[in-house]
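Enquirer: The following block contains the structure, expressed as structure tokens.
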């Protein structure tokens with residue numbers, strides 16, 4: 001990625017640039033893909049209520065309008081901005097660590113798989129800021145369905161603070177980390193494929209004598225889309241379990257990851273773990289393409305500004 005450039009920036013300056021560019025990528029990701037994410041969470045948590053992607057989308061729109069499809073946008077923005085800011089800030093540091101472990105002179109000498117390993121390691125830290133914000137987002141997205149089945153007394157149109165306040169009142173500060181294990185189980189292998197798919201695609205698009213950092217918008221969008229699709233296709237069942245735990249915990253403490261997974265398989269079958277996969281894959285290309293494009297362009301702009309300052 002862009003952090004492989006051989007610049008002489010102070011490590012703190014480079015981390016700030018990566019953090020800022022990652023935050024910009026997070027905003028682009030949410031704005032381009034939030035309605036798909038809302039449908040995904042609803043279908044994952046209540047698969048029996050909807051016949052498919054279109055049915056869920058239309059019912060949500062008829063009941064709540066466009067606002068319903070963007071339910072949870074505020075925590076989603078917080079989640080994605082925080083996650084990607086930390087992820088990309090740590091990614092540069094993890095690349096340096098990986099470089100030292102493998103005895104390489106420069107970050108640019110890392111292979112695509114070594115970059116993927118760096119991304120996977122960085123996700124350990126980004127998950128810590130992602131889990132609480134994603135918990136709030138998922139609850140806001142599925143509150144209508146929870147009311148339908150009589151498992152919450154919260155209003156259909158609730159604010160971010162109302163959800164946070166309810167969590168703190170019921171479970172205390174530790175309640176914000178419900179689904180943490182599931183988040184790590186999804187993020188660590190997922191981001192190996194995410195960064196791996198992105199870097200491999202960028203390598204394929206790079207012409208002889210050209211640097212990856214010279215690629216135009218279209219190759220970056222496609223590479224980001226491939227990385228996002230690889231992420232979700234590999235870890236989607238884990239994400240389904242995480243969504244169940246985080247949403248259904250509104251009505252009481254849930255079983256752990258393994259017990260929830262086995263319960264879904266036993267009572268609903270393996271296909272239930274893949275409910276909502278269609279909107280997720282459809283969302284992966286535009287949202288993750290936008291994420292990487294915003295990240296790379298923001299980073300290049302900041303680097304150029306820094307070098308001329």
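Any Cβ shown, glycine's included, is placed from N, Cα and C.
Sharing the record's features from TrEMBL:
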type   : residues : note
REPEAT : 13-97    : repeat 'Solcar'
REPEAT : 110-204  : repeat 'Solcar'
REPEAT : 215-301  : repeat 'Solcar'
Enquirer: If you average the pLDDT over the repeat 'Solcar' (13-97), what number do you get?
Expert: 87
Enquirer: Which numbers of helix, strand and coil residues does DSSP report for the repeat 'Solcar' (13-97)?
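Expert: Result for the repeat 'Solcar' (13-97), in helix, strand, coil order: 78 helix, 0 strand, 7 coil.
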Enquirer: Report the DSSP secondary-structure composition of the repeat 'Solcar' (110-204) as helix, strand and coil residue counts.
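Expert: Final tally across the stretch: 78 helix, 0 strand, 17 coil.
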